Amino acid sequence: MRRPIIAGNWKMHMTPSEAVKLVDELIPQVKDAKAEVVVIPPFVDLTEVNKVIQGTNILLGAQDMFWEEKGAYTGEISPLMLKEIGVKYVVIGHSERRQYFGETDEMVNKKVLSALSHGLSPIVCVGESFSQREEGKTFEVVLSQTKEALKGVTHDDIVNVVIAYEPIWAIGTGKTATAKDANEVIKAIRNTIASLYGKEKADLVRIQYGGSVKPENISELMAESDIDGALVGGASLVASDFAKIVNY
């Protein structure tokens, strides 16, 4: 049985003091959650948030990382740094990284391999744009991104990878793929993983949906057979909203 994973990506929100306040509010509201709960604050908040979540059921994620351990890469953060401050999950290839910072499939793949080699679980984001969807290219785009991201990932490591299907047209727009549509794409992603790693492994990989996930639509999404959780954006910035999603 795959344990659902619900992660809150705070993006570029919350100063360290605001982050601590948010997590303090969240802890009692999610303590009985059946799903795995992950918060993903900005880098500067990670240390403070990690102190607050010690001894709770909340795990720590980071929004990105570089693939090298150290070096002359101004502005970058390495997997070693993240490990030392208690990070367990790293979002890789978010559409905003691809769109604003020129991240390519090749860069995403390097980051995935580096994260795994340092014992971090990547949350690998894939998803199509509105125009790609209109042109009927959803499956082509998403499955290509999935294959590229997983190049070189071993049969042992694939179970430590989480995939997040985030249609770009649904992020922050209030538009959501229907639960049925999302499940179809996620099922195709799982079948692609099965073609690379076998069905047994593919059935262990958790695949989330992301894109305007809210308390109002989470139960419908989670009722689908292949959706194993959610990567939540805006709704994760309000403790009560995120708790409702976690406790769907």
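Cβ atoms are placed via backbone N, Cα and C, with glycine included.
Among the features that Swiss-Prot reports, active site, electrophile is placed at His94, with the record citing sequence analysis. What Swiss-Prot records for Glu166 is active site, proton acceptor. The feature substrate binding site is assigned by Swiss-Prot to Asn9, Trp10, Lys11, Gly172, Ser212, Gly233, Gly234.
For His94 (active site, electrophile), the number of other Cβ atoms no farther than 10 Å from its own Cβ, over all displayed protein chains, is 27. Within the same chain, residues at least six positions away from Ser212 (substrate binding site) with a Cβ under 8 Å of its Cβ are Ala170, Ile171, Gly172, Thr173, Gly174, Lys175, Thr176, Gly233, Gly234.
Residue pairs drawn from Asn9, Trp10, Lys11, Gly172, Ser212, Gly233, Gly234, the listed substrate binders, are separated by up to 14 Å at the Cα level. Of the listed binding-site residues, namely Gly172, Gly233, Gly234, the sparsest Cβ surroundings within 10 Å are found at Gly172.
The DSSP secondary structure for Trp10 (substrate binding site) is coil. When other Cβ atoms within 10 Å of the Cβ of Lys11 (substrate binding site) are tallied across all protein chains shown, the result is 19.
If you compare Cα positions, Glu166 (active site, proton acceptor) sits closest to His94 out of the recorded positions Asn9, Trp10, Lys11, His94.
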